[in-house]
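Remarks on the structure that follows.
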Amino acid sequence: MSDYKFTLNLPETEFPMRGNLANREPEMLERWTKDGLYQQIRDSRIGRTPFILHDGPPYANGSIHIGHSVNKILKDIIIKSKTMSGFDAPYVPGWDCHGLPIELKVEQKVGKPGQKISAAEFREECRKYAAEQVNGQREDFIRLGVLGDWQNPYLTMDFSTEANIVRSLSKVIESGHLHKGVKPVHWCTDCGSALAEAEVEYEDKTSPAIDVAFVAADSKAVAAKFGVSDYSHPVSMVIWTTTPWTLPANRALSLSPELDYSLVEFEKDGVTQALILAEVLVESCLTRYNVESHTVLGSAKGAAFELVRFNHPFLDFDVPAILGDHVTTDAGTGIVHTAPGHGQDDFVVGQKYGLEVANPVGDNGVYKPDTEYFAGQHVFKANDNVVALLREKSALLNHVAYRHSYPHCWRHKTPIIFRATPQWFISMDNHGLRTQALKEIEQTQWIPDWGQSRIEKMVENRPDWCISRQRTWGVPITLFVNRETEELHPDSVSLMERVASRIEQQGIQAWWDLDAAELLGDEAEQYRKVTDTLDVWFDSGSTFSSVVAARPEFHGHGVDLYLEGSDQHRGWFMSSLMISTAMNGKAPYKQVLTHGFTVDGKGRKMSKSIGNVIAPQTVTNKLGADILRLWVAATDYSGEMTVSDEILNRSADAYRRIRNTARFLLANLNGFEPAKDLVAVEDMVALDRWVVRRAAALQQEIIEAYEQYNFHIVTQKLMQFCSVELGSFYLDIIKDRQYTAKQEGHARRSCQSALYLISEAMVRWIAPILSFTADEVWQLLPGERDAYVFTQEWYQGLKSVTLATDLSDDYWQQLLTVRNEVNKVIEQARRDKRIGGSLEAEVTLFADAALTEQLTHIGDELRFVLLTSEAKVLPLADATSEAVETELASLKLLVASSTAEKCERCWHHREEVGTIEAHPTLCTRCVTNIEGDGEVRLFA
């Protein structure tokens, strides 16, 4: 036989080297949809223990961004890995569909409700718009390879969900947590509505900072409290504020009871003034007022001034000095201007003293008609007029521009105000909600663990939750209130159930269309319908009940995991915790996982103006979804997640390493039929048994990392295995055996069996992350199998077998180290042009006694491990001067070019080549593999 090429077992596979993911992935998605893949997975897990990850609903407005992709991919990895662990893990995606952003978009198209269009028509337009947005986002999420019940998602605007949201509110009411009150809330004058905590963003703003004097109603009596008798000059308390527009609503001056205050006298512009300031702030205040010299007349504790009266600087009444724990000396004067209608601390201390909650400002941010001096002016524009009036009244001590962090509307990006309005609140303390919520936080696992202290602080400090909004597109607060007493109807809970039943059939419009007499009969005249809508955070925050408890696929199991961005501690995690604790006395989740925000390669937020936005659609169209998925998995999500084109290209490089490994495995399984060719692990060649043992240990580590949601550990271990144990060692060594051994012989079938077992395991390891690639591999694996890898469980065929005669794992690790040293010396010889490839080399290993014993244990098979034609082991003491030192003190190496003839078939240089008459160009081993029973390998 002259052409021995046909006697080789050359690798062959349909699995292409290039993934061409951008084009192939959509084809796979089409097949997944056609085959009903998600339902196949559900059917495969009937009766199994449920694992419920509840999807926090993104807002149905605009295209998805990279943050959405991170969130959905992380959820998908968890769902798929839990399914692989045998759980019944349904995934029902959801969308948040009510609220202001949708209203604003619809207003741009059809105008405001009640003007060109009726409120009912407006709601219908909002519903249509939200549905369009859901469809667009759904396609983008599906393109990412996220499996779920995409044809039956939950929408907060589904009639059934709207009805269940009303039912959730009724349970909160039944538990006694709802109350109505006039309280200051975050108010956006552009929205004309209250804002939730989560709808407030803080940005820098320049405000007028002013110091204002409030003259004592009885200066002589006030001076006496400082030990000054018969004082004849006016005495004033001084406040510092950055909101001059709130001064018309001032109703008190707050002091700290234990703080020392000084009475300071000075002369300015020929007038003697006496001011009360916190002792520690006297110097900084007088510097602001350009006072060069002063006299401290006396000192007194804040408690001494409780209920002492001071004249309002421009309105015709006086206000009391009161005591509050919120007063600090961080800035200002140590005396706080107190307007209960315009601040939370002011409101709380005002309640204690029974102060009027004055609110001279309308919904649009304009002073009401009866506001003296400023009627009809917008509050922010009125600031200058307030300052001018104070100056005119000689009450202004200082006025400067002050740059500070100030609350802004998340939607309009404009400054908001605190404004007292009649609203509906969930009380944090009336029935112990705060205390119980804090207990529930302790019972929940927070990942990362700093999430616990973060949400604890928020719950400890948060005010009552204002759940009412003055909007058109939202779930109505379906209450009837007595026109005279403002009390709720005594049968509110049962009435709400009747309303919910109507909403279930007709949607929220049923409430607006409802004639009160239909439910209340003769009582209808005594009651009015509430026209407020619910905060959208109530919509999404109640989905553990309105969706999870209502849908059959969740089996009434309750939620195991919430997973969202770290901004949701004060958003969805908070609202869900409050509602669930109010309804059921417990948290709605067992675990809460948060991921960081995406930033660019320089750590900056994504911004169109900077031009650093990475759109997921662009990535999938260019690189493929699996590259994006690999980046998500490989990034530690506990902090900020850095992404750029360069970083994604690095992910593509890492992907190629995994893909090339998969291709090698598949190509070398060509012709392998597991049913008849599989060699039992205990019967394998030692090296094959070792690599299966390594894969079995790795599988346990990978499963554990998946269970702990440490996906970056999964990718690290996978890359290490592909690059080192497989790529640099095992796969390199077995090429010779795989290609040249007898096709049906034990030596080849042993290593094919190892490759098969590793392939079966690895396709499952990568499936939660590289879903498209895993499917591609799965379709080409030999043997009988189900249609999809996603219905499988972790592979059980990886047996960790160690025979009594086996070489230890440490042995193979040592051999890998020796091989690396040999490779370095061979590479140098190649660079020096002393040899061509490694099979032209004969290597002599000078080793100490211990290493010699290890190296000689596998006899002639050492050359197969080192990929050389010859490998001799001699005592370290015999090392010649030409021998090269290595990083191992126990080893020196000498490489020489072989003088033996090269075997035409295996390319090894062997002395016997040319001595076999029938095959003069072959070595003995190749002849045995062609004509005989095949070579015997014990070790490698």
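All positions are counted from 1 along the displayed chain.
Heads up, the Cβ atoms here are built off N, Cα and C, so glycines get one too.
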Revision key, fill the gap. Ranges in play 58-68, 432-442, 487-497, 531-541, with Swiss-Prot marking motif ''HIGH' region' at 58-68
**Study point:** motif ''KMSKS' region' according to Swiss-Prot, located in which of 40-44, 175-179, 265-269, 605-609
**Key:** 605-609
Check your understanding: In whole Å, how far is LYS608 (ATP binding site) from CYS906 (Zn(2+) binding site) when you measure between their Cα atoms?
Key -> 59
Review point. Just the number: how many Å between the Cα atoms of GLU564 (L-isoleucyl-5'-AMP binding site) and LYS608 (ATP binding site)?
Key: 23
Review point. Just the number: how many Å between the Cα atoms of CYS923 (Zn(2+) binding site) and LYS608 (ATP binding site)?
Key: 67
**Study point:** LYS608 (ATP binding site) and CYS926 (Zn(2+) binding site), distance between Cα atoms, whole Å
**Key:** 65
Revision key, fill the gap. Model confidence for the motif ''HIGH' region' (58-68), as mean pLDDT, reads 93
Check your understanding: Cβ distance under 8 Å to LYS608 (ATP binding site), same chain, sequence separation 6 or more: which residues?
Key -> none
Check your understanding: Which residues of the same chain, at least 6 positions away in sequence, have a Cβ lying under 8 Å from the Cβ of CYS903 (Zn(2+) binding site)?
Key -> HIS909, ARG910, VAL913, THR921, LEU922, CYS923, ARG925, CYS926
Review point. What three-state class does DSSP give CYS926 (Zn(2+) binding site)?
Key: helix
Practice item. Determine the Cβ neighbour count for CYS923 (Zn(2+) binding site): the number of other Cβ atoms within 10 Å of its Cβ. Key: 28
**Study point:** Residues close to Zn(2+) site centre defined by CYS903, CYS906, CYS923, CYS926, Cβ within 8 Å
**Key:** THR740, GLU904, ARG905, TRP907, HIS908, ARG910, VAL913, LEU922, THR924, ARG925, VAL927
